[in-house]
Amino acid sequence: MTRPAHQFNSIIVRSPSRSVVNGLRAADRGSPTYEGVKAEHDAYVEAMRDAGVKVTVLPALEAFPDSIFVEDPALVFTEGAVLLRPGAATRVKEVEEIAPTLRDMFETVLDLPQGYADGGDVLTTRESVMIGLSARTDTAGAAALQACLEKLGRKSEVVATPEGVLHFKTDCSLLDDETILSTDRLARSGVFGEFRQMIIPEGEEPAANALRVNDVVLVGSDFPRTIEMLDKAGYGVVPLKTTEIGKIDAGLSCMSLRWFSEKV
Ligand code: CIR
């Protein structure tokens, strides 16, 4: 495959519901406000359009507080989509909600037959798809996902997520085909092998969930040292507010499904 893994022309997002204030979180740092999440989401959609992608906006789902985080119930690639089985009980049925859209947009849509896997645990690089085991993604789900990925012609590997970290991608993101942005705790586990690694400055760990889209890197605006590091390294940084979604353990990758469609 010659296309860079960060080249996208299509994304799907879902508007936040008012129930987003009840989103899942590991530790209570206060609830986000609906208005605050909505403003962060609106700015994200605008930044995505500026980055050159076509945005499909799905309607809010009041019954599912975390459904704004469309990255978790599915995976999408140029070659097809995979409907996952989220590891949090309150999120399982988000899959049925997104399935019709994916069936409309993709010729090939596979179902994860067993186990549990969240899209937040999946990092797609040019060479392979990394699947992090976590409290949301178990070994059965990871193995089933590897079989689905093989059907789509994608190589994959199963790796570990640091203890206590929600998702694999909570702690890392792809900056380009050779470079990963990672927390020190994840990088130290050695999972990134030959990649050039840029380590998040101590105290800014949530900044690791950044998002490279075409020529820009979206980064949480609460993390000035990470922004400076990426800027000095020559990346085109677009800071975006993530303060409210951060209260429910989310970052920038969580709010979209991204792929390069040959039909656009
Ligand atoms: C959850 O716990 O499922 C949500 N509150 C946050 C999901 C974040 N998603 C992601 O990292 N892909």
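Glycine too: its Cβ is placed from the backbone N, Cα and C atoms.
Unlike curated entries, TrEMBL annotations are predicted automatically.
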Recorded substrate site member, picked from Arg136, Arg188, Arg196, that accompanies Leu24, Asp66, Glu71, Asp72, Arg91, Ile248 in TrEMBL: Arg136
Cys254 (active site, nucleophile) and Arg136 (substrate binding site), distance between Cα atoms, whole Å: 14
For Asp72 (substrate binding site), the three-state class that DSSP assigns: coil
Separation of alpha carbons, Cys254 (active site, nucleophile) and Arg91 (substrate binding site) (Å): 14
Recorded substrate binding residues, Leu24, Asp66, Glu71, Asp72, Arg91, Arg136, Ile248 - maximal Cα separation rounded to whole Å: 15
Shell list (substrate; ref centroid = CB of Leu24, Asp66, Glu71, Asp72, Arg91, Arg136, Ile248; cutoff 8 A): Gly23, Phe69, Pro86, Ala88, Asp118, Gly120, Asp249, Ala250, Cys254
